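The next block holds one structure in the form of structure tokens; read it before the comments.
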Amino acid sequence: MAPQLLLCLIQTFLWSLPEAESNVFLKSNVANRFLQRTKRANSGFEEIYPANFERECVEERCSKEEAREVFEDDEKTEAFWTVYVDGDQCLSNPCHYGGTCKDGIGSYTCTCLAGYEGKNCEHDLLKSCRVDNGNCWHFCKPVQNDTQCSCAEGYRLGDNGFSCIAEGEFSCGRNIKSRNKREASLPDFQTDFSDDYDAIDENNLIETVQSQSATLLKKSDNPNPDIRIVNGLDCKLGECPWQAVLIDEKGTAFGGGTILSPYFVLTAAHCINKTKSIAVVVGQVDISRKETRRLLSVDKVYTHPKYVHVTNDYDIAIIQLKTPIQFSENVVPACLPTADFANHVLMKQDFGIVSGFGRIEEKGPTSNILKVVMVPYVDRHTCILSTKIPITRNMFCAGYGNQPEDACEGDSGGPHITAYKDTHFLTGIVSWGEGCGRDGKYGIYTKVSNFLPWIKTIMRRKQPSTESSTGRL
């Protein structure tokens, strides 16, 4: 009985299917009244028709070449393609200070307004150390999107955040006397010396440190290291207060130096090997007046360990005195710059100042009067082309090339000073040259900024030793 009942149910279900289909599915002619499928444009022969943006890049994923066919313009194609591929990178307005954004694939480019730079035009050049030294009088340091000023030793930062105020009466780099008030006389301490000065004679002058290249001193074909002011002006008392003079065992001036601190004088390494003994004189503008000068005895001499006599590379040495220099309005140390300040600010100035008691012309007599001359900086390429002698990274050129104004014999070791905001910084040491003031030739100077760590390491030894000695570091 049960099998017959199941069979009847199946048969009844099968009979009802056609009627169910007619109730659920519409006939095609009726269905097309309500449901329509949008067909692609120009289907069938689309390649023979003009490019169509909708067909090429909306309905389908187009290639860059297909987009080029649509726009028929490279610039418009690039503008579309960079957005089409990965979206518009400029939607977030990444360019600051009114910069214009141009989208790229996976990147963007900002075109900055004048006075701004950086990937997002985020750097205000008015707040950059590269523009007018960030308005800093001395040293400038970039800090995030701003600048931070600081000052040389002996100065404090002004309330305005960029000026430098001298803390002491004889802070470094100051010309205390105005030129019109200077007198051609020796400073007071020269005629009435303190007991702190150690007056010495040739019997107690120390022997200087011998160079490791001393055997090369007999060579005569190297550039003139001693020959280094031609056609300079008289340096009035107090105008070159950082000038030091090196005196040999005969009491003759043979080179120059720069006062760095009460105990230290900077000079050229090649000067150290020119005499058996040396002493130092400061505050003097007329070396013929021997009766009024006092010699400062030397405690140690530090010649740079890499100094090469033949090439005059690393031509730098430091003299440490036994007793401190007494500063006055006529005796003031030069300021030491930072390397960045020297390289990017000071040495970008037009002129440096060179002083000394050297020959007043090539092969001429030396000068008893301190001379000073302003010499322009020379770009490195011109400097290198001016001579067959190697110009190393530790050297730079200064001079006119077509005017006979130069350092000359007897000026060696003396200061090359650059003034900035009324402060005078040491930028070079008179080193060597081919003759004096020759046409097409320049004076060569030791680049002090390369040696600041070495200088400061030695100057930390402020206290002189109890016994005279020589040394190398």
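Cβ from N, Cα, C; glycine included.
Predicted, not measured: the structure shown is a model, and the values here were computed from it.
As recorded in Swiss-Prot, the features of this protein are as follows:
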type     : residues      : note
SIGNAL   : 1-20          : signal peptide
DOMAIN   : 41-86         : domain 'Gla'
MOD_RES  : Glu46         : 4-carboxyglutamate
MOD_RES  : Glu47         : 4-carboxyglutamate
MOD_RES  : Glu54         : 4-carboxyglutamate
MOD_RES  : Glu56         : 4-carboxyglutamate
DISULFID : Cys57-Cys62   : disulfide bond
MOD_RES  : Glu59         : 4-carboxyglutamate
MOD_RES  : Glu60         : 4-carboxyglutamate
MOD_RES  : Glu65         : 4-carboxyglutamate
MOD_RES  : Glu66         : 4-carboxyglutamate
MOD_RES  : Glu69         : 4-carboxyglutamate
MOD_RES  : Glu72         : 4-carboxyglutamate
MOD_RES  : Glu75         : 4-carboxyglutamate
DOMAIN   : 86-122        : domain 'EGF-like 1'
DISULFID : Cys90-Cys101  : disulfide bond
DISULFID : Cys95-Cys110  : disulfide bond
DISULFID : Cys112-Cys121 : disulfide bond
DOMAIN   : 129-164       : domain 'EGF-like 2'
DISULFID : Cys129-Cys140 : disulfide bond
DISULFID : Cys136-Cys149 : disulfide bond
DISULFID : Cys151-Cys164 : disulfide bond
DOMAIN   : 229-460       : domain 'Peptidase S1'
DISULFID : Cys235-Cys240 : disulfide bond
CARBOHYD : Asn273        : N-linked glycosylation site
DISULFID : Cys383-Cys397 : disulfide bond
DISULFID : Cys408-Cys436 : disulfide bond
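Note on the domain 'EGF-like 2' (129-164): DSSP counts are 4 helix, 14 strand, 18 coil. Cβ neighbours within 10 Å of Cys151 (disulfide bond), excluding its own Cβ and spanning all shown chains: 22. The most densely surrounded of the disulfide-bonded residues Cys62, Cys90, Cys129, Cys149, Cys240, judged by C-beta neighbours within 10 angstroms, is Cys240. Using a 10 Å Cα-Cα cut-off around Cys164 (disulfide bond), the disulfide-bonded residues Cys57, Cys136, Cys140 reduce to Cys136. With respect to Cys101 (disulfide bond), the closest of these disulfide-bonded residues in Cα terms is Cys95, chosen from Cys95, Cys112, Cys129, Cys151, Cys235.
DSSP gives Cys121 (disulfide bond) a coil state; it is part of no helix or strand.
Every protein chain considered, the tally of other Cβ atoms within 10 Å of the Cβ of Cys397 (disulfide bond) stands at 24.
Note on proximity: of the recorded positions Cys57, Glu75, Cys121, Cys136, the one nearest Cys110 (disulfide bond) is Cys121, by Cα distance. The average pLDDT computed over the domain 'Peptidase S1' (229-460) stands at 88. Every protein chain shown contributes to the tally, and the Cβ of Cys110 (disulfide bond) ends up with 21 other Cβ atoms within 10 Å.
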